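I have placed the structure first, in the form of structure tokens, so that the comments after it can refer back to it.
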Amino acid sequence: MPIDFAKNAVERPESFKAEVKGNIPSWLQGTLLRNGPGIFSVGDTTYNHWFDGMAIMNSFTFKDGEVVHRSRFLRSDTYKANMAANRIVVSEMGTMAYPDPSKNFIFKAITFLNHTVPDFTDNCGNNFIKYGNDYYATTETNYIRKIDPVTLETQDKVDYMKFLPVNLTSSHPHYDKEGNAYNIGTSVAEKGKTKYMLFKVPAVSEKDKDKKVPALKNVEVVCTVPCRSLLTPSYYHSFGITDNYIIFIEQPFKLDILKMATAYMRGVCWASCMKYFPEENTLIHLIDRKTGKEVETKYYTGAMIVFHHVNAFEEDGQVVCDVIAYNDNNLYDMFYLDRLKENSDQVDKKYSKPSYRRFVLPIHPDKAAAIGENLVKLKNTTASAVKEKEGKLICQAEVLCEAFDLPRINYDINGRKHQFVYGNIVEKSATATQVAKFDTETRKMLFWSEENCFPSEPLFVPRPNGESEDDGVVLISVLNCTPGQSSYILVLDGKTFQEVARAHVNAELQKDIHGFFIPHGN
């Protein structure tokens, strides 16, 4: 049975014990948070795009072989304003909100001005971020919302702009062993320049551990990268990191700032101001984490759109960067609610599936190498980096597999060489009915699926003191569309990819986007 993507969720803020079938490992102690859109219509108004839906958060707490579930809507300013008006009054990327026809001219004029220099939504329904000791629901605007990870109650609204000048940010940060977080944001026309800012949010220091101050107060700018075009910055959703380098992909999928400023007047949504330029190349920035400077070499590849980085690592003087790449921008368009409804029970004919691509970037290529020479020295890859004039390298990726997205690895080895990746199989559409474990060395996959079930992004939790990279479990939120049956949290063995247990939550789950696991005591 197809998913009804436009159906409003029902929250359940009180905790309920799930019915466990199988045996959950005793070492699995902690809370899985999941985030995604949950409310798609308010009064007589409806969002156009699935990503625009107002956020609902779910938590699944594992303790002593049991699972407790709760869910709660994010009480954002967006949520409060929409509910108070009983209509959608705050614009999202795919839905432009217009005032009630009964409102007077002055109200409409103010609304127009607010959209010319937009104050973005705080509807943070994409992911969760940990800064210091605090957890935040996040999207890709300059706002994040602090939450209580136990009760899921919404707390402070935090504006990045009060700490550093970024108008847009990634919702996929990276973390090091010390608890520092690294992220990237776009600063639009700040002091006449548009640039990307890579920043570090330090772990809570001894002097601040008892103070109620946001960790962002101590934010540090690692480096800035100038945008190739002043008013059309590249869109990005994530980036890569190794022990010594940061990898940022500036792709020809761009946001036109001037068009955004006039979108409200022209009666179009902000998403229509994003355009893909397939005739342009993609620039891969390699930045030294210690110096904050780009390496001298310039890395280019063909036009592509990357939403998710898999991982990156260093090997023999080269950075290996694994990404999930698309050949066009059709993925975002697939999630307009009209299109989802139209293709609910059939294959989306316009869908173009992604590929898992491996790039290899020589850090200090031989300057004496001849023009046209491939400077990749790794023996176990077909990826290339061909020297051109003026120190440029044209990079071609090795395709490891197709139709694979929402990748997750054992994060304990993030930034170092990995072998296994867990993700969704998206062969016929972006709505996955199958999850897989992919072996990057053998190129083989293990699969899990069940009829009428739609799995979320899989999240790997390592066993404490595990003996191998895949020693742990994979947690998946599964939306069950079979009448009379409940949705559940699935626990798979990280090695065999066989079912260990499932916990039926006796509640309606929504298709979500991303999640975060908090170990017990953290």
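Quick reminder: no glycine exception, Cβ is built from N, Cα and C everywhere.
In TrEMBL, annotation is done automatically, which means it is predicted and not curated.
For HIS172, HIS237, HIS308, HIS514, the entry in TrEMBL reads Fe cation binding site. What TrEMBL records for 330-415 is domain 'J'.
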Apart from HIS172, HIS237, HIS308, HIS514, which residues in this chain have a Cβ no more than 8 Å from the mean position of the Cβ atoms of those residues at the Fe cation site?
ASN126, ASN127, SER170, SER171, SER238, PHE307, HIS309
When secondary structure is assigned with DSSP, how many helix, strand and coil residues does the domain 'J' (330-415) contain?
17 helix, 29 strand, 40 coil
Using all protein chains in view, find how many other C-beta atoms are within 10 Å of the C-beta of HIS514 (Fe cation binding site).
21
How many other Cβ atoms sit within 10 Å of the Cβ of HIS172 (Fe cation binding site)?
20
When neighbour density is defined as the number of other C-beta atoms within 10 angstroms of a residue's C-beta, which of the binding-site residues HIS237, HIS308 has the lowest density?
HIS237
Give the mean pLDDT for the domain 'J' (330-415) on the 0 to 100 scale.
91
